[in-house]
Amino acid sequence: MDLTVLWFILVAVLFAGFFFLEGFDYGVGILLPFLGKSDGERRAIINSIGPFWDGNEVWMLTAGGAMFAAFPHWYATLFSGFYLALFLILVALILRGVAFEFRSKDERRTWRNFWDWMLFLGSLLPALLWGVAMANLIRGVPIDARMQYAGSFFDLLSPYTLLGGLTSLLLFTLQGALFLALKTGDELPQRARQAGLKIGTGTVAALLLLLIMSYRETDIFTRMVPGIAAWGALVALLLAWWLLSSRSYGGAFILNGLAILLGTAALFGGLFPRVMVSSLNPQWSLTIYQASSSPYTLKVMTIVAFTLVPVVLLYQGWTYWVFRQRVKARDLEY
Amino acid sequence: MDALLLARWQFGITSVYHFLFVPLTLGLSVLVAIMETIYVRTGDETYKNMARFWGRLFLINFAMGVVTGIVQEFHFGMNWSEYSRFVGDIFGAPLAVEALAAFFLESTFLGLWLFGWDKLPKTLHAACIWLVAFGTNLSAFWILVANSFMQEPVGYVLRNGRAEMTDFFALLTNPHVLYQFPHTVLAGFVTAAFFVMGISAYHLLRQSQLEPFRRSFRLALIMGVISSLLVAAVGHFQGQYLVSAQPMKMAAAEALWESAAPAPLALAALVDERTQTNTFEIKIPALASFLAYNSFQGEVKGLKDLQAAAEASYGPGSYIPPVAPVFWSFRLMVVAGLWLILLSLYSLYLWRRRRLEEKPLVLKALLWSIPVPYLANTAGWLMAEIGRYPWIVYGLQRVEAAVSPGVSAAAILTTLVAFTLLYGVLAVADVYLLAKYARQGVETTPATRMLDNSGEVSLWI
């Protein structure tokens with residue numbers, strides 16, 4: 001296969017892995033203040049993702065790094081173009097990351113509440129903004145003939161892209177609820193289930209509306225595969241909701257995860273072979289071929305990726321195995 | 001202020017801030033790993049408590065390093081898009097490898113270490129912190145490979161309007177990184193050693209928890225003596241190398257305007273960049289030549305000659321970096337380094353004669369020297385990066401050609417102010433927590449105490 005195509009797929013896979021993994025830990029952060037009624041419960045909720053969240057976040061860093069290495073023009077146009085949106089994501093991730101470590105290190109109630117609030121906000125903003133960013137990617141943004149973004153922050157906000165953000169926010173929050181139902185103990189799974197059922201209803205509505213609007217706002221359905229993936233995501237989501245209502249948490253988690261993966265596949269499949277769609281002139285859209293690195297660099301990176309990614313998957317998978325037990329408030333030490 | 005200047009300030013502030021947390025991570029991970037290994041081999045619980053205590057401080061620091069590091073990766077695309085286009089073919093690769101090889105390793109195994117005390121067998125648990133230590137130091141290597149390309153481009157060809165990689169192996173064996181990597185990592189070990197010695201000295205002064213802090217002090221002392229001597233030695237050879245590789249940077253570091261054979265070393269100078277002279281100097285004859293060539297002969301090129309040579313190769317323009325900041329940050333780094341060497345050697349002398357604990361003044365000096373490595377680290381980077389000016393990639397791209405054309409000055413100003421304020425607040429919280437836990441000491445084990453307030457917690461304070 002053409003290495004340029006391979007790397008487009010790899011970047012898509014890294015984003016899919018990022019959304020799949022960090023999706024649930026954003027969701028857990030968002031649900032924290034609502035589901036955790038006592039300090040112990042909140043700590044249990046945080047500890048359910050404690051060993052994982054940092055490793056999950058590296059998927060985002062790796063996706064960004066891979067984009068930089070394999071498609072420098074994509075990285076440059078996207079990151080300078082979506083400037084303030086990415087800035088907000090950065091601020092959120094900073095507050096979120098330190099909140100994990102700082103929260104329990106002081107016993108004042110205001111201190112802990114403050115950092116819980118930061119965890120909530122720091123999870124909510126990226127969950128929303130990544131959806132907005134992805135919707136903009138397929139809808140198209142003002143890219144000029146010199147590969148530069150020629151709009152402002154507010155050009156990124158339209159009913160369609162905000163709906164995209166809402167959908168990702170709901171999908172991730174639902175995934176968080178499903179994760180908590182699986183991984184916590186005592187009363188928390190029941191509470192997570194109740195929350196998941198409510199959020200799930202909203203998620204189905206948002207995703208359905210997003211799919212319908214995508215026919216008008218984007219061209220991703222002109223090919224069959226992205227179309228199948230997109231509608232498949234909705235089917236997976238409906239099944240996840242049904243499994244949740246019949247208390248089959250594991251299956252629900254996997255199927256909602258599948259919905260996230262299929263949604264990402266539809267996105268990148270619809271984008272291909274473009275990486276930035278220009279709303280000013282289709283001729284100015286950036287394709288993988290214009291944006292890519294040299295064949296030599298792609299070759300080096302391919303060797304590196306195919307050596308290291310399997311190892312990473314192995315030890316990350318092992319972590320989930322080590323911490324497979326439910327986290328309960330009464331036996332917390334850290 | 002224009003976008004370029006703001007973007008430079010932003011990169012400077014966020015990078016210097018990020019690097020306040022990195023060096024401690026590099027060295028302290030190794031010290032914690034050593035402590036836990038001793039615990040595993042001897043079964044002595046004191047070492048386990050030490051590993052947990054220093055591990056807690058490590059974590060508070062590590063969290064800050066991680067979150068400020070994300071900003072660094074996004075920065076290149078956000079503020080320096082034309083730089084990213086120009087060098088992405090080369091620069092992106094080490095960044096991606098850093099994430100893939102090192103970030104995954106350190107974050108995953110830190111999670112295992114932190115939450116795995118009761119879940120993993122002892123040896124495996126100790127292996128986790130070793131992998132964290134390996135991962136953090138490996139990440140330093142990859143990011144310095146990237147930085148070294150900016151200082152000394154190798155393994156590339158100019159094609160398609162950009163620098164394209166022709167030899168990945170040449171990037172990894174860039175002579176620049178072969179000096180820079182050990183220098184940086186050793187500086188990290190020095191930082192961690194003085195951090196541990198300083199906090200241990202505090203407890204020795206108060207005669208509290210003597211056993212764990214004596215042992216901590218001893219381990220850190222060994223690391224401190226070795227690494228502070230080595231970092232200076234490597235730095236010396238690095239300087240000699242830079243005289244030939246980046247003569248402009250070294251001439252600025254010496255505030256040497258005119259070429260001289262042999263060249264004197266200015267201990268202090270009042271630099272007047274406008275008239276290109278030093279209005280006042282204290283200098284030692286021929287010492288700069290000696291430091292550069294190990295001989296009291298030999299010509300060291302001055303800034304004016306180097307400027308003329310640069311104009312001949314790159315066309316008209318100014319190629320002299322801001323001299324005073326480079327000159328003074330070099331001196332600050334060296335003086336700080338010498339102080340750390342003297343202090344660690346003197347502490348070693350007292351320790352060997354078992355008299356250290358009778359010398360409250362030395363213990364206090366150790367405590368108050370915790371910030372000194374931070375000064376040296378920051379000064380070292382300022383010298384390296386300001387000395388690279390006006391180039392962003394040495395000899396290939398100037399900083400003004402690198403900035404994002406589509407990002408307005410207002411946008412950069414907004415983010416600059418926001419980052420600075422946010423970083424300032426977080427620094428206060430970070431130092432507060434570090435001081436709190438450092439003071440508590442080893443014996444008080446539970447890191448987290450639950451608040452007994454079921455039903456009372458509210459999100460909105």
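Glycine is no exception: its Cβ is also placed from the backbone N, Cα and C atoms.
TrEMBL: automatically predicted annotations, no manual curation.
Keep in mind the model is a prediction, meaning the values are calculated, not measured.
According to TrEMBL, the features are:
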- B:20-41: transmembrane segment (TRANSMEM)
- B:53-71: transmembrane segment (TRANSMEM)
- B:91-115: transmembrane segment (TRANSMEM)
- B:127-150: transmembrane segment (TRANSMEM)
- B:185-205: transmembrane segment (TRANSMEM)
- B:217-237: transmembrane segment (TRANSMEM)
- B:328-349: transmembrane segment (TRANSMEM)
- B:361-383: transmembrane segment (TRANSMEM)
- B:403-429: transmembrane segment (TRANSMEM)
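Contact between the transmembrane segment (B:217-237) and the transmembrane segment (B:20-41) holds: at least three of their C-beta pairs are under 8 Å, each pair 6 or more apart in sequence. Note on the transmembrane segment (B:20-41): residues 47-48, 50-51, 54-55, 57-58, 61-62, 64-65, 68-69, 122-123, 125-126, 129-130, 132-133, 136-137, 140, 184-185, 187-193, 195-196, 216, 219-220, 223, 227, 373-374, 377-378 of its chain, located 6 or more positions outside it, place their CB under 8 angstroms from a CB of the stretch. The stretch from B:53-71, B:91-115, B:127-150, B:361-383, B:403-429 with the most CB pairs below 8 A to the transmembrane segment (B:185-205) is B:361-383. Here the transmembrane segment (B:403-429) has Cβ contacts under 8 Å with residues 1-4, 6-7, 9-10, 13-14, 17, 64, 68, 71, 78-83 of the same chain, all six or more residues outside its ends.
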